[in-house]
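As recorded in TrEMBL:
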type	residues	note
REGION	22-42	region 'Disordered'
BINDING	281, 308, 331, 379	S-adenosyl-L-methionine binding site
ACT_SITE	451	active site, nucleophile
REGION	498-525	region 'Disordered'
COMPBIAS	500-513	compositional bias 'Basic residues'
């Protein structure tokens, strides 16, 4: 049964005046940090004169946050607003949500000693770990779970990892909070989130000589924070085994130790399953807000291609909310397949959509994933889009006119049966009960979700320079309060926009060749 949509009630936030938003020493925290829940959507403009302060005791030493004032309006918002205006979007908006306790997923290094372990982030530019037991960005349940790990290490003499010597037991911990608890009223679920703990153990597998300590620590956590403890804090305990000397956090081997195996969250109107190896958004409230905004730009019964799909949260939420004809999810990380299968199994039987997940690299023959989709969604990593995909999108108009190109693409795949066989074996498909006509159309709408502002700007200018696309709408989201980082949702439409058409007419009227050759991305920043 679908869960009711949580109605967020804006609260009054008391802010103190500030001269600027530079990094300063925070004032002492109040006796009790308020658990404020704020939902605000504004058109970007001049930064407010009031500031909302982080008030975190670790701010001076921790690399996680870069500013402690004006959390609801980072300076980058004004830069983004100016950027989008240059390309015809006058109504760029910025949505901010919870400012404290927003992080529901954290990867923390473990160093120091068993008696006095350091659990936190690396100090900027070093591999010195800064202990952050009272982090204001963390969901309170994460801080409580970290304290349990700290107690268990001291009591059981669990040695933290020593990078220089490659010795020790516990290298990292990953904390993930689920607020999906239908036994509680909706307004209490977030506060009472349970933590999935993944212990990154310095051994090849669970049969190593140090595995006894691993099981002792997991049992300690379950006894102190499991369902029979005074406070039920722990959702489950997992182990990951890693012996590499490089900076990669996780190894390839995982083991479920205690608690529930399946980890669920309700986002975008559907239940999403996430394994500890799967990518998950740290700010689930902000991600839910983004998904609901995104849904408005996808027509009902559209065919959708979801590239860089992960476990399919975006594509599957669209399948339900917009009753899509088809949704193709393409993801390079094969570990996301299991989460996708579990999520699909929970979809309502009334969902009539041809749904598929494919383990594939979108940079290889990207056109093959665009054919037949009316809407394409891209949610790339921080580095931005693959160049081969940018090229396909830049030339999408000419490719559509050349129907032979599409037919040759299909013929090419038919001549390489091992490729199609491998793709079929790696895919998960849920057939629709209705019969939909397959087409060779190409997308009319491109929706770009970006976590890397610099890479997005470059990708955006590359797409617009070809005049195959124009910017239709843009929204920003405060996924990481306390940092100069924003998540961007940009909607592109096929063909020149109104501003481009006016500019073309103006150029033609003046008959000045120098203006004709000026590229769209010639606008300086």
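Note that Cβ sites are derived from N, Cα and C of the backbone, with glycine treated the same way.
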To the nearest whole angstrom, what is the C-alpha distance linking residue 281 (S-adenosyl-L-methionine binding site) and the residue listed as 'active site, nucleophile'? 11
Hey, what's the Cβ neighbour count for residue 331 (S-adenosyl-L-methionine binding site) at 10 Å? 25
Other than 281, 308, 331, 379, which residues of the chain come within 8 Å of the S-adenosyl-L-methionine site, judged by Cβ distance to the Cβ centroid of those residues? 279, 309, 310, 313, 314, 380, 449
Let's check the environment of residue 379 (S-adenosyl-L-methionine binding site): how many other CB atoms sit within 10 Å of its CB? 22
Calculate the distance in Å between the alpha carbons (Cα) of residue 379 (S-adenosyl-L-methionine binding site) and the residue listed as 'active site, nucleophile', and round it to a whole number. 8
Taking the Cα atoms as reference points, how far is residue 451 (active site, nucleophile) from residue 308 (S-adenosyl-L-methionine binding site) in Å? 13
Let me know how many other Cβ atoms fall within 10 Å of the Cβ of residue 308 (S-adenosyl-L-methionine binding site). 21
Within 10 Å of its Cβ, which one of these recorded positions (281, 451) has the largest number of other Cβ atoms? 281
